[in-house]
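Q: Pulled the feature table from TrEMBL, pasting it below:
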- 327-347: transmembrane segment (TRANSMEM)
- 421-445: transmembrane segment (TRANSMEM)
- 451-475: transmembrane segment (TRANSMEM)
- 527-549: transmembrane segment (TRANSMEM)
- 874-893: transmembrane segment (TRANSMEM)
- 900-920: transmembrane segment (TRANSMEM)
- 932-952: transmembrane segment (TRANSMEM)
- 972-991: transmembrane segment (TRANSMEM)
- 1003-1029: transmembrane segment (TRANSMEM)
Amino acid sequence: MIGYFAKHPTASNLLMLLILILGVSALPNIKRETFPEFANRKLQVSVIYPGASTSDVETGICVPLEEAIDGLAQIDTLSCESREGQGKLTVELEEGGNIARLLSDVKTEVDAIDNFPQQAESPLIKEIGRNDPLITLAISADTADFHLKQYAESVKDQLQKLPDISLIELQGFSDQQLSVRLNLPLLRQYGLSIEQVAQRIKRQNVKLPSGNLETQGKTLLIRVDQQKVTAVSLATTIISNTPQGGVLRLSDIAQVTERFEKDEVSVFIGGKRTALLKINKTKSQDALVLVDQVKQFVNQLEKQAPKRIDLTLTQDTAKIVEDRLNMLLGNAWQGILLVFAVMWLFFGWRYSFWVAMGLPVSFMGAFWLMSLMGVSINMISMVALLMSIGILMDDAIVIAESIAHQLEKGKSALQGAIDGVLLVGPGVFSSFLTTASVFIGLLWLSGDIGAVLQVFPQVLLATVAVSLIEAFFILPCHLYHSLLMHPQTAEETVKQPKIKRWFNQTFENFRHKQLVNLVERLTQHRYLASGAAFALFFMTISLLAGGAIKFKAFPSLEGDILEMRLLMPQGTPLDQTKKIVQRSVKQLELINQDLTLLQPELNGQPQSLIKSITVEYNQNGDAFEKGTHIATVRADILTAETRNSSIYTVKDRWRDSVGEVAGAIQLAFKEPTLGPSGRPIEIQLHSENLQQLSEAAWEIRQQLISYQGVVDVLDDLRPGKPEWKIELLPSASALGVDGLLIANQLRSGYFGITADEFQRGSQTLKVDVQLSDRDKSSLQQLQNFPITLNNGQQIPLASLTNITPDRGYARINRVNGQRTVTLIGDIDTRYANTQQIIAEVEKTTILPLLEKYPNLSFSYQGELKQGNTTGKSIMQKFLMGLIGVFIILSFQFRSYAEPIIVMLAIPLALIGSLWGHLLFGYDFTMPSMLGFVSLAGIVVNNSILLVTYIKVHIADGMSLHQSAVQAAHSRFRAIFITTATTIAGTLPILLETSLQAQIVQPLVVSLIFGLASSSILVVLILPCFYMILEDFGLVELKTS
């Protein structure tokens, strides 16, 4: 077959053309994103319980939900969050489970619950994470809030008419309502209760069909239309008649306005009220294509928008995708050019061209296979393509170098091409099998990080499979024709550039003299040399074990958004929150003025470092609360490619300038979490005793904040709003008063009643009836609140009840049926390491707490859990892969001992990987581990061919010592070229100064330094290992 393709004039070119066409045709169908998508594994059941306290939500909502769902199969984690007015149950599917089946089962069980509180609304069940954020369109204006919202809704409708845009969420406003605020003294004067007023509004505000009228052969519809859809018309509603014969209208006893339900739900950019249109995408959509559509739409909209309207695109996730892919593509081209330059030093340029041509052919074939497998173009898949350069070039170089060696023996171009492939073909195919064995297990990594990283082996295996076809069936033909048409003569050799001739002479002199001498000496002192190699290995491992090299689940990613998250005690007025926010915004503006001066000029002016500042009240990604006491300030910063200041600089200066805020529970300065690893610190404590949980959380928090580099520590068991607890007096029952009557009337006055609900255009509005703010602002007014008895008599609340102060919790979380408090925090990686901090906290604080509170337990989430889960999974799959490698090599060499010698190249590679991390100051991360694992294929290939050549020379009649030295001499050229081309191909990424490269650089460090150390040690030490095996009679030497 190899001979057929080498001899056939068109077969190889047709096969290459087919692969290129398939790849080019598949490219438009492959979506682009930052990280690979992975299967959604979470469902959420949300139940609104208006006005209920946190403890009432726990007992009335969470406990029934847990009891209903607890017995279902496929559930990994069940957590329920109770907070004022709402309960949320999150169901996490176990890995490998069926989300559609679980959703159906959950719906069935939730629908069967019949013991929810009467006031609770119907449960809402949905999948979490089905959509990804894409970009946000901010619409700002100096205009009435209602007009702004109306304009934003019209823009939303226009956006949804675009071909691929459908998932848009309007934020910055709460629901509109017609607000009826009753005057309590006037209610008393007219003998009315709040419920009576609400009922009159409902009965007077109707729009109902009333039948048909048949007359003179015609059918006419009859309908009653008394619906009042504006505040002015609603105020004219007749509530009752007066004793004097007049009418009492709603406006006589209440203030009727149209307003937003919650004042704190608001967003500001540049001091202007803003509507946010948050545009999302489905998992299958291409981020860059959709953002391009949105940008074109906004460009057109700006030409038509009123002058007072400002349109700003923020939180552009596609920009991150584009920048990072462009960075990788740019480095890939540089790498390919460097690979070609290295090849040119050893071969002619035509020869080098056809060897290097295997890269685009393999990549195009991989793109076609990626489209079939549904793999996207993302950071991980692009890195896999770059990492595959080493393995691809390894196969091609081994074959090319073997063909060149056959030509040196005087064979013809055709015969040399065929014999060269046949000589090393079994070794190359065995190398492919060993590479596949290592990577196949990584296709099933565990955890969210594993779900992202498993794209790496998918792409790499696809690329290597295509490259094997290219190396066996395309490359030999091209090399044969290149040699046939342009044979290199001695005269052409003389005409080579001086640098090339000098390099080849120097290289060959080193290979023939210094290398041979060095290998001879080492094999003579093989036990000393082997012992030194083992000593170096164990010393290197101690770098990681001793903490000189730190471990981190995922590299820190520097993005383009910085947030200040504010959390004040519950009950803090909105005005106080606004003052703190305004001061922090002012400080940020001053910092921007200073740092903008460091930016390059754009149109003669320095480009502003901060593009926009967004203030969002009622929002804090860490708080799990809503209210007037929380806010987020978001700075949209220039991309990492265009800014001269690190985001750490902005964050540190902003934190220092704002300083301490009196009474603040949290004042965090952070980037929104990027990547799959989760929060650096996330510790869960479990117990049924809330007091124990609170005390334990406080102790752990105090310990955490004592470490340098640990910032923004927060727990979620916080005091709620101050409460007044009401209990009936024994005498109340004699008047026919019960708890339900008191609760309903108080609820009507203080929380409100929805008297009516109607449609106005595309909006659904409610008529909310409750007491005016001035009639419910003090304890005295609560004590005097009139309770209407069944006979119409009104009695003050204080005459029927005891009113005592109380305070509960803002939020109670339950995990797998147990009350749980979660501590979260961030790590400044410049000063601290998560693994080290947590190990010390566990030893000094958590374990003593478990002894102090026997019912207390703990668990890790976030980065720690994901890192441990995926780390263990990588090691398990890697060990399984090594077993597969051993089996393959054992079949090939017909030995149990020789495969061990070959596989010793893998730990030798770890030496370089770890020293590379120490040299560059990187933490050892999951991508670092993946880089090391990807080395296994390359370094084992080198070992296989070296051992094969030792056995070939022994078969030719050489002694073992001569064979070992000669094999090192023979294979050094191919090993050096493979190593040099791999390093050259990935070197641009290692030297990349862009912040976008920070996620892949640890992986590249593992590859480059691991390959360099393993290649050197394989050539020098592996012959020593082989001879030691022979000393003990563990290998069988066969001579011809």
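Here the Cβ of each residue, glycine as well, is placed from N, Cα and C on the backbone.
The model shown is predicted, which means the values in this text are computed figures rather than measured ones.
Thinking about packing and proximity, how do these listed features fit into the structure?
A: For the transmembrane segment (421-445), same-chain residues at least 6 beyond its ends with a Cβ under 8 Å from one of its own Cβ atoms are 2, 6, 391, 394-395, 398-399, 402-403, 406, 451, 453-454, 456-458, 460-461, 464-465, 468, 471-472, 476, 870, 873-874, 876-878, 880-882, 884-885, 888-889, 892, 930, 933-934, 936-937, 940-941, 944-945, 948.
If one looks beyond the transmembrane segment (451-475) by at least 6 residues along the same chain, the residues whose Cβ comes under 8 Å of a Cβ in the stretch are 1-2, 5, 11-12, 15-16, 19, 35-36, 38-39, 354-355, 358, 361-363, 365-366, 369-370, 373, 375, 378, 380-381, 383-385, 387-388, 391-392, 395-396, 399-400, 421, 425, 428-429, 432, 435-436, 439-440, 442-445, 675-676, 870, 874, 926-927, 930, 934, 937.
Residues 836, 907-908, 910-911, 914-915, 917-918, 923-924, 1017, 1020-1021, 1024-1025, 1028 of the same chain lie 6+ residues outside the transmembrane segment (527-549) yet bring a C-beta within less than 8 angstroms of a C-beta in it.
For the transmembrane segment (972-991), same-chain residues at least 6 beyond its ends with a Cβ under 8 Å from one of its own Cβ atoms are 328, 330-331, 334-336, 338-339, 341-343, 346, 386-387, 389-390, 393-394, 397-398, 401-402, 507, 511, 515, 938, 941-942, 945-946, 997, 1000-1001, 1004-1005, 1007-1008, 1011-1012, 1015, 1018-1019.
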Q: Out of 327-347, 900-920, 932-952, 1003-1029, what stretch is closest in contact terms to the transmembrane segment (874-893), meaning most Cβ pairs under 8 angstroms?
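A: By Cβ pairs under 8 Å, 932-952 leads among 327-347, 900-920, 932-952, 1003-1029.
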Q: Take the transmembrane segment (900-920) and find every residue of the same chain, 6 or more past its ends, with a Cβ under 8 Å from one of its Cβ atoms.
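A: Cβ under 8 Å, 6 or more out: 533, 536-537, 540-541, 543-544, 548-549, 882, 885-886, 889, 893, 928, 931-932, 935-936, 939-940, 942-944, 947, 1001-1002, 1005-1014, 1017-1018, 1021-1022, 1025-1026, 1029.
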Q: Which residues of the chain, 6 or more past the ends of the transmembrane segment (1003-1029), have a CB below 8 A from one of its CBs?
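A: Distal contacts: 383, 387, 390, 515, 518-519, 522-523, 526-527, 529-530, 533, 897-898, 901, 904-906, 908-913, 915-917, 919-920, 922, 927-932, 934-935, 938-939, 942-943, 946-947, 950, 960-961, 964-965, 967-968, 971-972, 975-976, 978-979, 982-983, 986-987, 989-990, 1035.
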Q: By a Cβ-Cβ criterion of under 8 Å, what residues six or more beyond either terminus of the transmembrane segment (327-347) are in contact with it?
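A: For the transmembrane segment (327-347), the sequence-distant neighbours (Cβ-Cβ under 8 Å, at least 6 residues beyond its ends) are 353, 355-356, 359, 379, 382-383, 385-386, 389, 393, 397, 400-401, 404, 500, 503-504, 641, 973, 977, 980-981, 984-989, 992, 994, 996-997, 1000.
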